[in-house]
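Undergrad: My questions all concern the structure below.
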Amino acid sequence: MKLIVTKNYEELSKIAAEEFAKVVIEKPTAVLGLATGGSPIGMYKELIAKCENKELDFSKCTSINLDEYIGLNPEHEQSYRNFMNTNLFNHINIDKTKTFVPNGLAKNLEEECKNYDNKIEELGGIDVQLLGIGNNGHIAFNEPGDELSAGTHIISLTESTIEANARFFDSIDEVPRKALTMGLGGIMKAKKIILIASGEGKAEAIKGLFSGKITTDNPATMLQMHRDVVVVVDEAAAKLIK
Ligand code: PGA
């Protein structure tokens with residue numbers, strides 16, 4: 001695992017965007033695994049700037065997102081489809097018909113999960129997967145627990161995640177309690193992984209990534225088994241790494 005510690009969020013966003021851009025430049029048809037949340041917003045701004053000044057061309061890329069809340073309409077302000085459109089897709093030259101986010105309104109959610117995994121296979125796998133990390137070590141919405149799932153699945157969000165995400169909603173009661181999420185298998189099959197984290201709240205989870213131990217209590221620890229992971233964190237998030 002390659003660790004890059006940055007001074008602050010701004011530098012983190014720039015470096016993560018550089019790492020991500022390398023893949024798109026090397027492979028213009030890359031399949032991009034994308035993430036939502038507060039962490040990637042700065043990096044997405046950097047990618048938009050690179051696209052505007054013609055350093056990057058997304059016209060042949062496909063994207064596939066990690067997760068979506070169950071029950072939110074794609075137009076809902078807090079749906080992850082809307083997040084992606086607003087924070088990235090509307091501002092770069094990607095073909096929106098080639099951007100995939102799980103459908104949290106699917107009539108048959110089990111079927112939606114199966115189809116999503118088939119879609120990843122069909123696309124030939126993910127070339128670069130961007131990940132944030134929860135305060136509790138979740139990646140995508142793979143929450144800590146007794147066991148983890150390999151494939152895309154339905155997950156009940158933990159109280160810690162509901163509390164963390166309440167900042168995006170008018171009240172905590174509006175945060176959906178369930179989501180569809182890519183599983184650890186889908187994530188681990190990505191050719192390259194870039195994980196970003198900022199702030200002290202992430203320090204404990206990040207420490208686990210460098211502990212040499214793998215535990216379902218911190219799902220991100222699984223990434224230690226992957227051959228090509230770049231972890232970009234600011235000093236606050238890195239502060240407990242030994
Ligand atoms: P955040 O979320 O980027 O909003 O902190 C990360 C995550 O929950 O994976």
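Placement of Cβ uses the backbone N, Cα and C atoms for every residue, glycine included.
No curator has checked TrEMBL annotations; they are predicted automatically.
Pulled these from TrEMBL:
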type: DOMAIN; residues: 11-228; note: domain 'Glucosamine/galactosamine-6-phosphate isomerase'
type: ACT_SITE; residues: Asp67; note: active site, proton acceptor
type: ACT_SITE; residues: Asn136; note: active site, for ring-opening step
type: ACT_SITE; residues: His138; note: active site, proton acceptor
type: ACT_SITE; residues: Glu143; note: active site, for ring-opening step
Undergrad: How many whole Å apart are the CA atoms of Asp67 (active site, proton acceptor) and His138 (active site, proton acceptor)?
TA: 12
Undergrad: Look up His138 (active site, proton acceptor) in the DSSP assignment and reduce it to helix, strand or coil.
TA: coil
Undergrad: Using a 10 Å radius around each Cβ and all protein chains in view, which of these active-site residues has the most neighbours: Asp67, His138, Glu143?
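TA: Neighbour-count leader: His138.
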Undergrad: If you draw a 10 Å sphere on the Cβ of Asn136 (active site, for ring-opening step), how many other Cβ atoms land inside?
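TA: Total other Cβ atoms inside 10 Å, all chains included: 19.
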Undergrad: Helix, strand or coil by DSSP: which one applies to Glu143 (active site, for ring-opening step)?
TA: coil
Undergrad: Mean pLDDT, the domain 'Glucosamine/galactosamine-6-phosphate isomerase' (11-228)?
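TA: A mean pLDDT of 97 is what the model gives the domain 'Glucosamine/galactosamine-6-phosphate isomerase' (11-228).
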Undergrad: Taking just the CA atoms, what is the gap between Asn136 (active site, for ring-opening step) and Glu143 (active site, for ring-opening step) in Å?
TA: 8
